2 protein chains.
Amino acid sequence: MPTPTDDDALFAGTRAMFALPDGVIYLDGNSLGPLPSNVAARVARTVQAEWGAMLIRAWNDAGWMDLSGKVGDRIGRLIGAAAGTVMVADTTSINLFKVLDAAIHLNSERSVVLSDTGNFPTDLYIAQGLTARLPGRRMLRTVAPEDVMAAIDDTVAVVMLTEVDYRTGRRHDMRAITGAAHDAGALVIWDLAHSAGALEVDLAGTGVDFAVGCGYKYLNGGPGAPAFVYVAPRHQDGIAPLLSGWIGHAAPFAFDPDYRPAPGIDRMRVGTPPVLSLEALDAALDVWDGIDLARVRARSILLTELFIAEVEAACPALTLASPRDAQARGSQVSFRHEEGFAIMQALVARGVIGDFRAPDVLRFGFAPLYVRPEDVKSAAAILAEVMDGRLWDRSEYRLRGRVT
Amino acid sequence: MPTPTDDDALFAGTRAMFALPDGVIYLDGNSLGPLPSNVAARVARTVQAEWGAMLIRAWNDAGWMDLSGKVGDRIGRLIGAAAGTVMVADTTSINLFKVLDAAIHLNSERSVVLSDTGNFPTDLYIAQGLTARLPGRRMLRTVAPEDVMAAIDDTVAVVMLTEVDYRTGRRHDMRAITGAAHDAGALVIWDLAHSAGALEVDLAGTGVDFAVGCGYKYLNGGPGAPAFVYVAPRHQDGIAPLLSGWIGHAAPFAFDPDYRPAPGIDRMRVGTPPVLSLEALDAALDVWDGIDLARVRARSILLTELFIAEVEAACPALTLASPRDAQARGSQVSFRHEEGFAIMQALVARGVIGDFRAPDVLRFGFAPLYVRPEDVKSAAAILAEVMDGRLWDRSEYRLRGRVT
């Protein structure tokens, strides 16, 4: 067990690798991770020394063609996935579409995709779109998060869940649910949007079939960074991709008229990779070199426990929306208040950046790589000032269609 | 009709807007457009002043959320599409998947997707994947390019073609085929990968139903730039997207559990947009401000005619693979030679960058924005030296799996 001093030094080192603006306590890395300092130079190099100077030759000579798999392997290390099982491509929504179609196809005797009402909406939308269009009586069934285990029966083809709830931070037990699903003959898909870089994830050890996740939250890959997709080795060569694009072909530059999927994880690729965004993500991952997720998770628990204690002591009008048990919680803490939107705006105006999720959730993410215990105390103190003084603009009750 | 002098001045001005490396004649902008000089500063600003300094607030305050449609409208001007009919998103392959599914659905009584053997393989692959998975006896039928018109009958749901053949530059008659398809009750999808920024395209005037295209060829948006998708206004609100992601929802930040597609072209969005790549593409489009595609096309014909004349005069061992009639040709010229790969490598080593397409095609793209008549003459002269002196390495017969 590392001493607190060891951890302070470790995370002071990682914090120094970010370009954080002055006067800001950033508790929204679960929505958009901040800029690692090395990214600007890397992107500039890609634009000028590679695209500009090497032109088309950079696809080979600068390694652009192989970058998607290389970055996938780097993410793999953070989620317990072996080399050759993670590909970076497209968006989380589209990657979910790929693996949901694959899972339904692999378990085609069954009709139900099981998810929960706490899942991020895009996951539900993708499942709605796909089940409505595929042949057979496929359907999406959603239950309350606490009812998932009981709802796994022999009609379920696929259990499709997000490990950590985007609003409350409630965390599913990935190992238990994966085991129960397998016992019932179902496959599992985990969305790791709020897990990768926040929690210890052990995809291989847990026997997960498929996973997807986001490059721009705790992995700090930049706005709209490409997403990742994991396929367990046992399934890879059994997938007939519905999104059958040329970069996922066994020989893209043979220009075959017929699609033949590439071996292994490469068939999860579709079109030409977004090089600028990929290079930014690759550079951003340098922060993680040598970092042990167990220490990140321990530090995250320290930070979230501290925030809950400080806010509950000072802000009685706020109701904890997250699980009180740290093991049942991701790396975020949420509180409810009916004027939450306006309160969050007041906080942001005072340099504490969290975000708001309708209808009443104030959401705070704690990324140990750059959030310190003293930031947590300051944020709680500023929140207490706002609450005590009722310093928010009550006319700003809610604003639709904006990101924050 | 502009005088040659006017055109020389116009295109000297556009050429000055690119960061072209010294000692290179770049005839591969049909694969990857070169770097416009303003892109590096724009991307640096996005990374540092927006992502770095504004953090999550940049989604609203820097306009990231609206960028996909804004850039779509800018591309729309270049392809004869009204505002609100073009969206920038994802890759060409994935956009084709969206509109092919939509078209099949809109014409669901019919079973055939008609394409041609000269189509870019990813288009055929996407159609193979989709028709195999959808209910009903859907099928992809491919015929020779010259047989497309005759193959349009009342079984055809969708005619799906690329206007300009990626290998030979052969150009379909978009107006005639679209009209014939409509007369037969079929819908049309045009892939504009080698058209946008190269030819005059009039999607609205031609009555095209759907189109897709590429951001990184003649539009110079950078490696893996996001692609675009066009949907005619009459079809937009009738589409039930199969790729039903949250950014295409009518109210993404309401976090509804049920998918409701956004009005209009916005439902062609799926996941979070790739901001760095989008900003690069937006900046790259500045080169096109005020440019009339008719002048670009006239200049392109001048360049390709000159290249064909010079090469045919000096290189009898090369066989023209492109149509001799300029009107039947896009903005590229291809020649065949059985040792084409090695010849292209020798040319590239001498600063003339074209590319090779298996099995035997040497491909040269002519983008008037930065390729001058004197470049064409120089390139032809260097090609003649290579051919006369047999200056290529015959051991380098062919190299698989590389981009060039």
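From the backbone N, Cα and C atoms, a Cβ is placed for every residue, glycine too.
With B:THR92, B:SER93, B:PHE120, B:PRO121, B:THR122, B:ASP123, B:THR162, B:ASP191, B:HIS194, B:TYR216, B:TRP246 listed by TrEMBL as binding pyridoxal 5'-phosphate, the candidate from B:THR46, B:THR272, B:THR304 annotated for that site turns out to be B:THR272.
Across the binding-site residues listed here (B:PHE120, B:TRP246), the residue whose Cβ sits among the most other Cβ atoms within 10 Å is B:TRP246. In sequence order, the recorded positions from B:THR162, B:HIS194, B:LYS217 that place a Cβ under 8 angstroms from a chain A Cβ amount to none.
A separation of roughly 14 Å, to the nearest angstrom, links the Cα atoms of B:PHE120 (pyridoxal 5'-phosphate binding site) and B:LYS217 (N6-(pyridoxal phosphate)lysine).
Within 10 Å of the Cα of B:LYS217 (N6-(pyridoxal phosphate)lysine), the following binding-site residues from the list B:THR92, B:THR162, B:HIS194, B:TRP246 place their own Cα: B:HIS194.
Counting every protein chain shown, the number of other Cβ atoms lying within 10 Å of the Cβ of B:THR122 (pyridoxal 5'-phosphate binding site) is 29.
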